[in-house]
Amino acid sequence: MLNIKWIRENQELFDEKLSQRFIEPMSSKIAMLDQEKRKITSLIQEFQHARKVKSKILGNMVSKSGEEFEELQRDVNHINEKLAELEQNLDNNNELNELLNMLPNIPDEEVPYGIDGSMNKLVRAYGKTNKNALNKQHFELGTKLNLMDFEQTAKISGSRFVTLKGDLAKLERALINFMIDIHTKEFDFFEISPPFLVRDRAMYNAGQLPKFSEESFITTNGYRLIPTAEVSLVNIVADTIIQREKLPMRYVAYTTCFRSEAGSSGRDTRGMIRLHQFGKVELVSITTPEESKNEHEYITNASETILKKLDLPYRVMLLCTGDMGFAAKKTYDIEVWLPGQNQYREIASCSNCGDFQARRMKARYKEFGSNETTLVHTLNASGLPIGRTIVAILENYQNNDGSITIPDVLINYMGGLQKITTYSE
């Protein structure tokens, strides 16, 4: 959520930043609603003070009868009626909060202006891309190996699901352990095993609700399946005040993630690129405003390191204003090279959300010995999605005979296996 005080004091700049996100000016409407809310709040405070004063006088009166007592009693009753009316008006006046809840984060000054992904900015690239036209796509390789099943899985669960078998299932498990080891041992992230089912409040805190309600799965009793472990991890600090010396707090978790892929009809209908259910290692950092810029580079480097150790070609893109996620103020996308598609595809998103999520979930920190609190900054990064990493390995490590060479760093995790070959049932 955006800072209403900042909007009040920077209306022209606020509208300019909204325009970069292709949203019409909102400052005038917000200022009007804010003024109404502040007026009601001020009246409530005045009546509460008056009630306190008169109630104290009533309590100190020796005689609990007589004209003066009855007049004061009527005044207190009248104040209670007015307070109830004003508080009801305040509860009903939700338009301001509803409007603020639908507005995305303000882009950082370093974010380039742009309409869509075609206007993102190249930051750096790693590795050499293989542009052999004979390269096969991952789903061709996986099904030919008899280790990737879409057809039978569709009978079980429908479209956008997959079953991995044998050495591909083993590769999935190896990647999870490999990624967690790197993030915990080399980057000092603390491993968490969080819940996959969360309440609406947790989704709201992370910026998933109310805007993206249709993109998540909801159970019959009101829980939602997490679209990313970011939701569970950032909420670890919801409604807390953290001592400054404990920051940064860095969390890593592997979870299954669930997405309805609403609005993705016709996109990536074949293969493992866009599934309803997928595994992902997620990174979350909680830090101070002063350190969040450096932490953004740190958490991005952690994601990049996985790809470097796997020797997968990739590039880092700074997203433009029109391509950023809702809660982010600045985002790097890491795109891995897929020779079967002859193009780069997103494999990780690394975002600095500033105090946007923290304001929603009231996550603050304070210096030792001080009572003054400040909102934390939250950051997140994919570290990485397991399915898309398997896709990248299959396409970049494919051999002419259809077998897949295991990346060197994964051989021990694969029990010494150096090559995946066709499975015969």
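From the backbone N, Cα and C atoms, a Cβ is placed for every residue, glycine too.
Over in Swiss-Prot, the protein carries these features:
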type	residues	note
BINDING	Thr228, Ala229, Glu230, Glu282, Ser382	L-serine binding site
BINDING	Arg259, Ser260, Glu261, Glu346, Ile347, Ala348, Ser349	ATP binding site
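Overlay of Swiss-Prot feature records on the structure.
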{"residue": "Thr228", "record": "L-serine binding site", "DSSP class": "coil"}
{"residue": "Arg259", "record": "ATP binding site", "DSSP class": "coil"}
{"residue": "Glu282", "record": "L-serine binding site", "DSSP class": "strand"}
{"residue": "Glu346", "record": "ATP binding site", "DSSP class": "strand"}
{"residue": "Ser382", "record": "L-serine binding site", "DSSP class": "strand"}
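Spread of the L-serine binding residues is 9 Å (greatest Cα-Cα distance among Thr228, Ala229, Glu230, Glu282, Ser382). Separation of the C-alpha atoms of Glu282 (L-serine binding site) and Ala348 (ATP binding site): 10 Å, rounded to the nearest whole number. Of the listed binding-site residues Glu230, Glu261, Ser349, the Cβ environment within 10 Å is emptiest of other Cβ atoms at Glu261. Spread of the ATP binding residues is 19 Å (greatest Cα-Cα distance among Arg259, Ser260, Glu261, Glu346, Ile347, Ala348, Ser349).
Counting other CB atoms no more than 10 Å from each candidate's CB, the binding-site residues Thr228, Ser260, Ser382 peak at Ser382. In sequence order, the binding-site residues near Ser349 (ATP binding site) (Cα within 10 Å of its Cα) are Ser382, drawn from Thr228, Ala229, Ser382. Report note: the L-serine site is defined by Thr228, Ala229, Glu230, Glu282, Ser382, and the residues of the same chain whose CB lies within 8 Å of the CB centroid of those residues, excluding them, are Val231, Leu233, Ala253, Thr255, Cys257, Lys280, Val281, Leu283, Val284, Asn380, Ala381. In this structure, the C-alpha atom of Glu261 (ATP binding site) lies 13 angstrom from that of Thr228 (L-serine binding site). For Arg259 (ATP binding site), the nearest neighbour among the listed binding-site residues (Thr228, Ala229, Glu230, Ser382), judged by C-alpha distance, is Thr228. Counting every protein chain shown, the number of other Cβ atoms lying within 10 Å of the Cβ of Ile347 (ATP binding site) is 25.
In this structure the alpha carbons, written CA, of Thr228 (L-serine binding site) and Ser260 (ATP binding site) are 12 Å apart. Under a cutoff of 8 A between CB atoms, and with a sequence separation of 6+ in the same chain, the neighbours of Glu346 (ATP binding site) are Asp333, Ile334, Glu335. If you take the CA of Ala348 (ATP binding site) and look 10 A around it, the binding-site residues you hit from Ala229, Glu230, Ser382 are Ser382. Listed in sequence order, the binding-site residues from Ala229, Glu230, Ser382 having a Cα within 10 Å of the Cα of Ile347 (ATP binding site) are Ser382.
The two recorded residues, Ser382 (L-serine binding site) and Ser260 (ATP binding site), have Cα atoms 19 Å apart.
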